Amino acid sequence: MELDMVVEIPQGSQNKYEMDHSVGRIRLDRHLFTSTQYPADYGYFPGTLAEDGDPLDAMVPLERRSFPGCVVRVRPVAVFWMRDEGGPDAKVLCMPAGDPRLEHVRDLRDIPELQINQIKHFFDIYKRLEPGKSSEVRGWQDRAAAEATVLDAQRRAAENPDRPVVWPGSPGHVPPPAVPR
């Protein structure tokens, strides 16, 4: 399985950016209260709807970090589950499609244990100092579970057309009406 991921937050950032789907722009949501940094480029899959009502979260380690709004072709290899104040929250770990340096990483068992633990640690503590926010680590599942999670989120989006989760310019996007000057 290959699909596009939209990067919202580059690896190493302490800023939490989020796509504002109503206007098709990336907004600064907040600066992380902890001193931790995102362990991979982080964003979402367009055309998906996760259990928390947002597009399905995705992350991809790249040789060099990208930038907010960058579209990256990826392959899901694992899914990390946590729970936050919004309920169950899946994060699909991907590898860049076509990158010969990471072609051998096909499933959870192929990812170095240190990298798995760094991602887990990040999501365990990244909200810890924020009032009213919480995160509870649930664990990892393999590529088959990651692909099933993506397919479920695509199905959920198709069944809820009133909840558009598409990137401007992509199929199905309806631009907002022009504002008179």
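Including glycine, each Cβ sits where the backbone N, Cα and C put it.
The model shown is predicted, which means the values in this text are computed figures rather than measured ones.
Among the candidates D20, D29, D41, D89, the residue that TrEMBL names alongside D52, D57 for the Mg(2+) 1 site is D89. Binding of substrate is annotated in TrEMBL for K16, Y42, Y126; the matching candidate from R30, R109, R143 at the same site is R30. R30 (substrate binding site) and D57 (Mg(2+) 2 binding site) are 17 Å apart (CA-CA, integer value). Sparsest Cβ environment among the binding-site residues E8, D57, D84, D89 (other Cβ atoms counted within 10 Å): D84. Between the alpha carbons (Cα) of K16 (substrate binding site) and D89 (Mg(2+) 1 binding site) lies a span of roughly 16 Å. Using Cα positions, the member of the binding-site residues R30, Y42, D52, Y126 nearest to E8 (Mg(2+) 2 binding site) is identified as Y42. Residue pair D84 (Mg(2+) 3 binding site) / D52 (Mg(2+) 1 binding site) shows a Cα separation of 9 Å.
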